[in-house]
Amino acid sequence: MSDSPLTYFAYGSNMSVARLRARVPGARRLGLATLAGHVLRFHKCGADGSAKLDVVAAGDAADRVLGVLFGLTATEKAVLDAIEGPGYEGVTVAVGNADGAVVEAFMYRALRVDATLRPFAWYVHHVLTGAREASLPADYVARIAAVETIDDPDADRDARERGVHRNRQQAPGGSP
């Protein structure tokens, strides 16, 4: 497998540098990006029975999904593919970066959706942490924060997931 550099567009929980680096330690934050003509939906069927984020085409070209670009090697992408699992497919998209240039990147799109599912609170915490780290606009962050969540019945998983950010805050040199 070639280890040529790849660009990943993270729009959900992987926007959080700590979350992504807990999964793929070599991930390099490249900057912000916008995917035009799309919207966020918490409707992907997660393996744990909760909703995860997805991006869907919108009827309005003015709709935007904001996210973070990361540099990964092909080997790191294979690791992330395995973690994201069979519920997502990798697709290539054209996003606009902070300089206004169009960049080709890969992202994950849900294969199975259920609009009745709700995300666990810890999952939305990952998304909000990443959105705030990236200094996304307050109204965009507020829309994410307004999503109805449910408590994870697995308290150990909840603590482990939230611990990703606590560990980063306590570690020296923990900035993005």
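Even glycines carry a Cβ here, placed using N, Cα and C.
Together with Tyr8, Phe9, Ala10, Tyr11, Gly12, Ser13, the substrate site in TrEMBL holds one more listed residue from Tyr123, Tyr140, which is Tyr123. Ala10 (substrate binding site) sits 12 Å from Glu84 (active site, proton acceptor), taking the CA atoms of both as reference points. Distance noted between the C-alpha atoms of Tyr8 (substrate binding site) and Glu84 (active site, proton acceptor) is 13 Å.
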